[in-house]
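As structure tokens, the structure follows; a few thoughts come after it.
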């Protein structure tokens with residue numbers, strides 16, 4: 001009965017030794033002495049700050065990209081037990097003992113190492129030879145700039161990994177489509193394509209370029225599906241294609257509907273990436289829930305949702321603004337800096353520098369710091385008291401109000417006098433009665449921009465409001481201009497008569513709020529310094545927080561001042577630039593982002609050859625001359641769409657960008673060039689070399705060319721790893737181009 005247990009068990013494993021060897025070599029090249037140098041290298045000073053914020057769960061805002069990339073780096077810190085305590089203030093600073101350098105650099109290094117075997121698999125999936133696939137992988141292996149970038153706590157190698165994973169997954173899916181649609185492997189690779197695309201976008205916005213490429217290729221293939229006569233139209237198969245039990249039958253059926261194919265692609269390539277992208281932000285906001293240094297960039301409502309900071313100040317404030325309320329008003333737009341409506345005792349100059357006159361009324365500005373002069377009292381124009389009645393009478397949309405400055409008791413006013421820096425707009429002031437024929441015009445109509453259908457009550461933090469001047473219909477607006485010294489360089493406030501729509505510069509929200517209880521000015525000033533607390537809960541939804549955070553990231557502009565190592569896209573193709581990443585404090589050992597010039601120039605030549613050959617073939621095919629068999633032509637076109645197209649979409653957009661650019665921005669495009677190189681070489685050997693002798697000569701030239709690339713890689717190795725101190729003479733010998741900045745110490 002149990003005799004079957006005595007039978008031998010045979011396990012068969014199909015191991016691709018080439019793939020194993022490439023993976024091993026990739027790991028060795030990227031992980032070897034990974035902790036060297038044990039010092040901050042170039043942009044590690046930038047990313048390290050955000051890792052520390054994650055470790056301490058402090059909110060931050062970075063406009064360079066979505067949070068997934070930072071979370072990947074922070075995961076390395078978490079796995080290494082990093083507590084976030086390190087001062088990231090200087091390139092070259094030695095890491096303290098509590099910083100797990102190996103762990104922090106591990107994930108980018110693994111991503112760089114795994115890109116080597118992925119290049120091999122991509123070329124195979126394009127149906128080119130193992131020799132061509134091995135060539136692409138070995139070029140990825142020895143390329144100096146890719147090695148340097150992947151051995152540091154930087155994100156380019158992770159971005160490249162997900163770019164290649166997206167392309168590889170789509171090719172796997174596309175090849176499954178030919179023989180086993182709707183199989184488990186078909187679903188797996190299609191889903192992984194969407195996941196990889198989302199991760200690429202989540203690492204850096206540059207990932208959108210490869211995502212668009214994959215979507216474009218998928219759209220072309222979907223268009224071809226529409227012309228497939230073996231597929232039915234939308235019919236009874238729709239229900240079947242959604243049932244797992246039918247999937248095995250569907251791959252053998254010729255009646256699978258087109259709708260099923262299109263729906264599957266839409267879910268995997270559109271819905272899944274969007275859901276994952278939202279998930280990245282959801283996890284990010286869970287991790288960084290404490291108040292931090294970037295709070296003021298966000299709205300009052302967002303700040304109030306963070307632990308500490310404004311949440312601590314505003315906790316328990318009254319929710320509904322009433323007549324007699326004491327409030328601070330923050331401009332929603334917050335450009336050029338977040339600021340609050342402010343006034344002080346000083347008046348506008350009688351005569352401005354350009355000769356124009358003013359009203360000489362009390363200045364009203366927008367002040368970028370919290371101050372007691374930011375407090376205003378919401379007064380009912382029909383009553384004299386400046387306190388909240390019992391019960392409180394809430395202010396509603398459309399109500400007339402007066403805004404009385406808390407410390408000077410003068411009312412917010414505007415009139416037909418030109419603003420100091422914006423003569424097309426009205427001056428805004430606090431009215432001083434000079435006993436002349438200039439009556440006060442201090443009535444404002446409240447408009448709640450984001451009011452709900454169920455309520456029109458003005459609410460603390462939540463309501464975004466506009467103040468429309470009753471007499472002139474001017475809207476209270478932050479112009480963004482800085483006043484001269486007489487205005488203490490504070491921001492100009494104007495009355496905008498030509499305002500159309502609800503621009504953020506005309507929208508305000510109450511940030512701090514209390515119910516005033518004293519009619520005496522001295523007691524009222526004491527109240528303003530110590531606001532009361534009443535428990536009110538305010539929680540923003542995730543989508544509200546996500547929308548604001550995403551908008552701020554896109555709208556925020558870093559200081560794009562010129563950098564010593566910044567460069568233009570034209571300099572990248574021919575490697576006319578480099579970046580000095582690190583210099584040993586005592587020796588001449590140094591790390592540079594410097595590419596393998598043989599590979600870079602050869603990649604550019606391969607692109608040119610591909611373009612010329614494709615143009616030649618298209619012209620010939622137009623004349624009904626087919627130089628290539630149909631299957632070879634389709635391989636050639638698909639390889640060009642993904643490899644040449646990948647280079648184009650990851651390179652050409654930089655010509656349109658107004659930002660500081662560096663050589664490392666070219667690395668994603670370079671990887672697609674490297675994939676194209678062996679494709680072009682094999683095509684020349686297979687289709688342009690007419691005889692065996694020509695093929696042999698061409699193969700010998702390719703071997704010589706690859707040997708030169710290996711020689712260059714080995715020669716530049718001291719600048720790639722930075723583990724060898726070279727003499728000034730040796731360093732000068734490595735300056736192959738006058739534009740290369742090799743650091744030579746002066747003794």
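Every residue gets a Cβ built from N, Cα and C, even glycine.
Keep in mind that what you see is a predicted model, and the values were worked out from it rather than measured.
In Swiss-Prot, the feature N-linked glycosylation site is attached to one residue out of 16, 539, namely 539. Feature transmembrane segment, per Swiss-Prot, maps to range 269-289 of the set 248-268, 269-289, 290-310. The range from 555-575, 576-596, 597-617 that Swiss-Prot describes as transmembrane segment is residues 597-617.
Transmembrane segment is the annotation Swiss-Prot gives to one range among 183-203, 330-350, and that range is 183-203. Per DSSP, the secondary structure of the domain 'MIR 3' (453-513) breaks down as 6 helix, 27 strand, 28 coil. The Cβ of residue 471 (N-linked glycosylation site) lies under 8 Å from the Cβ of 415, 441, 443, each on the same chain and at least six residues away in sequence. Counting Cβ pairs closer than 8 Å and at least 6 residues apart in sequence, the transmembrane segment (68-88) and the transmembrane segment (154-174) reach three or more and so form a contact.
The stretch in closest packing with the transmembrane segment (8-28), judged by the count of Cβ pairs under 8 Å and taken from 99-119, 183-203, 206-226, 636-656, is 99-119. Two recorded stretches are said to be in contact when at least 3 C-beta pairs lie under 8 angstroms, sequence spacing 6 or more; the transmembrane segment (40-60) and the transmembrane segment (597-617) fall short of this definition.
The Cβ neighbour count for residue 435 (N-linked glycosylation site), using a 10 Å radius and every protein chain shown, is 6.
Panel annotation: around the transmembrane segment (636-656), residues 122, 126, 128, 163, 167, 171, 206, 209-210, 212-213, 216-217, 220, 569, 572, 607, 610-611, 614, 617, 628, 665-666, 668-673, 675-676, 679, 683 of the same chain, lying at least six beyond its termini, place a Cβ under 8 Å from a Cβ of the stretch.
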